[in-house]
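Peer 1: Input: one structure, supplied below.
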């Protein structure tokens with residue numbers, strides 16, 4: 001209080017650049033007020049602050065993760081495609097290049113989720129986490145590769161439900177071994193019901209095909225698939241309304257309830273980047289993923305021939321491993337922080353979204369584009385999906401998680417992966 005005004009203003013002038021880097025949520029108007037009323041001086045501060053925000057944002061998003069060392073493989077894939085005809089290398093480099101982008105997409109979504117609750121955060125994470133699979137599917141549909149679309153989306157569901165959720169339960173159970181992790185059983189039950197509904201929508205066209213009981217051979221199966229897809233889209237829209245509006249109290253997570261009771265231990269967490277930075281990064285990452293996805297899809301068949309690996313294994317196992325990088329990282333991180341409701345929102349919510357929205361939407365898009373796609377995923381693939389949904393539904397019915405449940409889910413995924421490695425797709 002005894003400091004002269006001139007000295008106080010001079011000290012504030014010296015400290016502002018450092019303060020603006022630490023407290024990046026300060027608005028531009030507040031920075032101008034601190035600097036003074038001179039318009040020229042205020043304009044200089046604005047430019048410096050904007051440059052500092054850009055520099056800090058790039059540093060946090062791009063250079064804060066060792067996985068981002070794989071990012072140069074993306075431009076390398078495009079270069080190899082232009083200079084050579086070795087599609088195996090193009091596929092491998094595209095795969096490696098998309099992996100860190102998918103993980104950073106999940107990171108940006110996680111940052112955006114700080115400005116919403118656990119329910120909306122899990123929904124956002126699942127939605128943008130599925131952007132990679134959706135983009136790959138659209139490019140495959142444009143190329144007429146409907147079977148690749150079916151297999152890659154099926155693989156994404158299997159990967160999310162078994163591998164991603166299994167790793168989340170395993171890592172969360174090990175880190176929090178002194179207590180039993182719990183989650184909202186009501187949310188898990190609704191998601192399990194939606195997944196069983198998706199299995200029903202996929203099962204009947206396959207049964208219709210293999211029992212040869214179609215009214216119009218070659219047409220009834222496709223018509224049933226399109227009708228079921230429209231029903232599933234309506235059901236998913238109703239689920240979103242139910243989740244966010246109608247029965248919002250049902251979806252309050254355990255952590256949010258603890259926070260309302262004053263028992264939340266994670267109140268000191270804060271986002272690394274602002275809301276608008278998150279939105280901008282989401283747009284940039286999605287655009288770059290869409291470019292690489294075109295090269296990835298175009299090299300699938302060439303990679304299958306060069307590596308002597310079935311297209312089914314590449315589509316069901318390899319592609320989802322890349323596309324689910326975002327879900328994988330987010331689900332494990334939240335489980336280790338004992339935020340299991342968000343982990344389930346990411347893993348199971350993502351599977352629900354793919355089965356009830358992305359797959360039916362691809363059927364509708366294929367209908368519009370003139371590339372007929374049905375819900376007949378073939379008998380072997382449909383059986384794998386049905387058994388996976390049943391196993392996961394049993395794991396979730398108690399509302400608790402531990403490392404042993406996670407280990408069982410991971411081992412189940414290994415069985416599925418081995419099965420597809422020795423499986424010859426009947427459409428080939």
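Backbone N, Cα and C atoms are what each Cβ position is placed from, and that goes for glycine too.
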Peer 1: Which range is it, out of 249-270, 403-424, that shows up in TrEMBL as transmembrane segment?
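Peer 2: So the range that TrEMBL calls transmembrane segment is 403-424.
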Peer 1: Among 123-141, 188-211, 344-369, 375-396, point out the range having the most Cβ pairs under 8 angstroms from the transmembrane segment (279-300).
Peer 2: 123-141
Peer 1: Considering only the recorded stretches 188-211, 344-369, 375-396, 403-424, state which has the highest number of Cβ pairs under 8 Å to the transmembrane segment (123-141).
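Peer 2: Looking at each of 188-211, 344-369, 375-396, 403-424 in turn, the most contacts to the transmembrane segment (123-141) are made by 344-369.
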Peer 1: Are the transmembrane segment (344-369) and the transmembrane segment (153-176) close enough to be called in contact, which here means at least 3 C-beta pairs under 8 A that are separated by 6 or more residues?
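Peer 2: When sequence-distant Cβ pairs are counted, the transmembrane segment (153-176) touches the transmembrane segment (344-369), since at least 3 lie under 8 Å.
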Peer 1: Sequence gap of 6 or more, Cβ distance under 8 Å, 3 or more pairs: do the transmembrane segment (375-396) and the transmembrane segment (83-102) meet that?
Peer 2: no
Peer 1: May I ask for the residues of the chain that lie six or more residues beyond the transmembrane segment (306-323) and have a Cβ under 8 Å from a Cβ within it?
Peer 2: 86-88, 95, 98-99, 102, 130, 132-133, 136, 147-148, 151-152, 154-156, 158-160, 163, 296, 300, 381, 417, 420-421, 423-425, 428
